[in-house]
Each structure stands twice: as structure tokens, then as C-alpha cells.
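Student: Have a look at this one.
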Amino acid sequence: MSSPAPLHAVTVLGHDRPGIIAETTGRLADLGLNLEDSTMTLLRGHFAMMLLCAGDAEASAIEAALQPLTADGTLTVTVRDVPQEDAAAPAGTSWVLTVHGGDRPGIVSSVVARVAEVGGNITDLTTRLAGDLYLLVAEIDLPGGADVPALEAAVTAAASDLGVGATLRAVEADDL
Amino acid sequence: MSTTSTAVNEVVLGWSERDLGVEGRVLDVVRAPDPVLSTRGADVDPTDPATVQLAADLVATMRVSPGCVGLAANQVGVSARVFCVDVSEHPKTRGHHGTYVLCNAEVVESSRNEKAREGCMSVPDLTGDVKRASRVVVRGQLPGTGEEVTLHASAFEARALQHEIDHTDGFLFLDRVAGAHAIHPRKTYL
């Protein structure tokens, strides 16, 4: 079996407008690159995209091909080569953590520190500020044998110290 | 399995805010992060005149709020386990029990989870995908008479009841969202 094609991480950040994704992916396709994984969202109205593409092209060549995107100065593009990562089979359990309350500094850091202390791995994270309301939703893999009630107590205490509330729930996957 | 009938509860269906005999007042709706929304309300005496007035106020406030299908006492700043529901005008509704108010309500049976997007007057800028039972049995008391009622609800009415009972327990839909990608900025305001 031949070794897999080199993997490149591309980020595009900046002022949103229609056509950014079309232009980015079009230029990558012209280089014969395959999109392996991507995510894109708006952060406070800013366009933010990260993607991994595979193919035999130098990072410098990809960067050069994407250069026109940055021409008007409102978008930043980066390209880095990254190694293949073997996704470890998740042993343990999956959880969703919600934290919400009045906005103040340190909510994310103090709550997720409790998760890190027990070896919990955050696999997806969204935070939003809507008016005075701060909201964090994190998807967490906990190692087998993790003391979930203890973590829940620690997270609740950390949240309570900041005057916010926290809820930790098991992910229910309904296989159909 | 429940042995009770799954038919519409005629007592609840026949109830209306006119039965309360008091004029409802339109109250201000509080928004997250107000702590009253994250605090379980006190159990109430459904025959207490204060509860009856609160019930009338909740219905009056729901009526003037476009698109509102339910309102809990926490949402008008009162930490009490009372809410109103009326899904009869909503396009996602199947069966329903019209307008009613329940005190000290709880879900006693639930089944058939479905995921759908919810909003809330107390979280006006966000919506979220929440998995909830599409069939529930709910028990509570009607304000005024204090009569205990058990009702079987399905589809959108079941979702509304669980959302409101969550309010009375101090939970928002934010506490139930399916994951990090299940939160959305609200695009349309009713």
C-alpha cells in the first residue's frame, strides 16, 4: 500500500462575503487537492474556516495559489503541512457540558480546567455571547473509569464561584 | 406502559382562563442570565388567590407575545412552579388541549425522543436543537379549583410541556442542547 498523500492544514480568516469558500476550494481543486475535513463558521460576523486537504503539493505552492484571496487585505490565509493523525478509538464515555450565565472573564478557563484535571478531552466547543448572556457548550470524552459525579460537582462548584450554572449530560446516540 | 387513556383530557381541554375569574395583567418577561431562570421554583397552592392571579397574568402575557406557545412563572420573575401553554395555533401542533395553566407539574412518563429546534422568550438571541420525548404523560393541578389532572400529550404540545416544566425546575433549553453545533443565532424574530 502506498503511503497516504501529504496533508495540509489551511485556515482562512477575515471579513465575510459571499464566495470565499467557492474560491478557496476551487483553487485547491485546481491543485488536485482533496478536502479531507473542514469546518467553517462566523465568529462575531468574521469568516473563519479551517480545512485539511490531501495531495502532492508544497505548502508554499498552495499558499501562492490562495494568494488572490488576500489581495484586498480583508482575509488572512495560512497553509501548514500536518502529519496524519490516527484517530484513537474513543474508550470511555461522551458528555455534553453546558455553562451559561452573566458574562465575566474566566468562565471558559475555570470550567474547562476541571475537565482537563480528570483527563477529559474536549472534542467540540462553542461559546456565544448574546447580550449579557454567556454560553458555553462543550462535547467531552471522558476516560473509562472517570469519576463523573466528582467531575460534575467540581464543574458545578467552579461555575457557582463565577455566578453561572453548569449542566453535564451523557450523550445519547440513537443508532438507527 | 400506562394503563390510562391516551385520549384528550376533557377537563383540561374545557378549561379556560375565564375560569380563573380574575383579569390577567401583562408582565415583563425576564431574560437570561437572570438567576430566577436557573432556580427551581417553589411548589404552590393552586387554590391560593396569588396563584390564581399569577395564572391569569401568565396567560395574558402569553397572549400579547407573538408566537409564544407557553410561559413559565420564572419567566416573569416569579420563582413558582406554574406555567401556561397554548399550542393550538402552532403549525407543528397535532393534538392539543387548548389554553391551560398547570401548577406543580411533572412528567410522569415519556417516550419516543425526537430532536427539534427550540427558542425561548427568555433567550431571544439563540435557538437550539433539543432532543425531547414526543409522547409524555404530565400530572399537575389546575389553578383555582386545584383539581389534579393527568394529560397525555404528543408532538409539539409534548415538547412545549417539557420546555415549560424545565423552566419550573430552573432549566433552560440551553441546558438540554444536543451538542456544540446545536446552538444557532436566531435569524427571524416573531
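Cβ coordinates come from backbone N, Cα and C, glycine included.
TrEMBL labels come from automatic prediction, so no person has curated them.
What TrEMBL shows for this protein is this:
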type	residues	note
ACT_SITE	B:E164	active site
BINDING	B:C120, B:H163, B:H167	Fe cation binding site
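Map the listed features onto the structure and describe their local environment.
Tutor: Here B:E164 (active site) comes close to B:G70, B:L71, B:A72, B:F83, B:C84, B:V85, B:A105: these same-chain residues lie at least six apart in sequence, with C-beta atoms under 8 angstroms from its C-beta.
With a 10 A radius on its CB, B:C120 (Fe cation binding site) counts 24 other CB atoms from all the protein chains.
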Student: With every protein chain in view, how many other Cβ atoms are within 10 Å of the Cβ of B:H163 (Fe cation binding site)?
Tutor: 23
Student: Quick one: what's DSSP say for B:H163 (Fe cation binding site), helix, strand or coil?
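Tutor: DSSP call for B:H163 (Fe cation binding site): helix.
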Student: What other residues of the same chain, not counting B:C120, B:H163, B:H167, have a CB atom within 8 A of the CB centroid of the Fe cation site?
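Tutor: Filtered neighbour residues, in order: B:G70, B:A72, B:Q75, B:E118, B:S122, B:E164, B:D166, B:L172, B:F173.
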Student: Just to be sure I understand the packing, how many Cβ atoms besides its own are within 10 Å of the Cβ of B:H167 (Fe cation binding site)?
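Tutor: Excluding its own Cβ, the number within 10 Å is 26.
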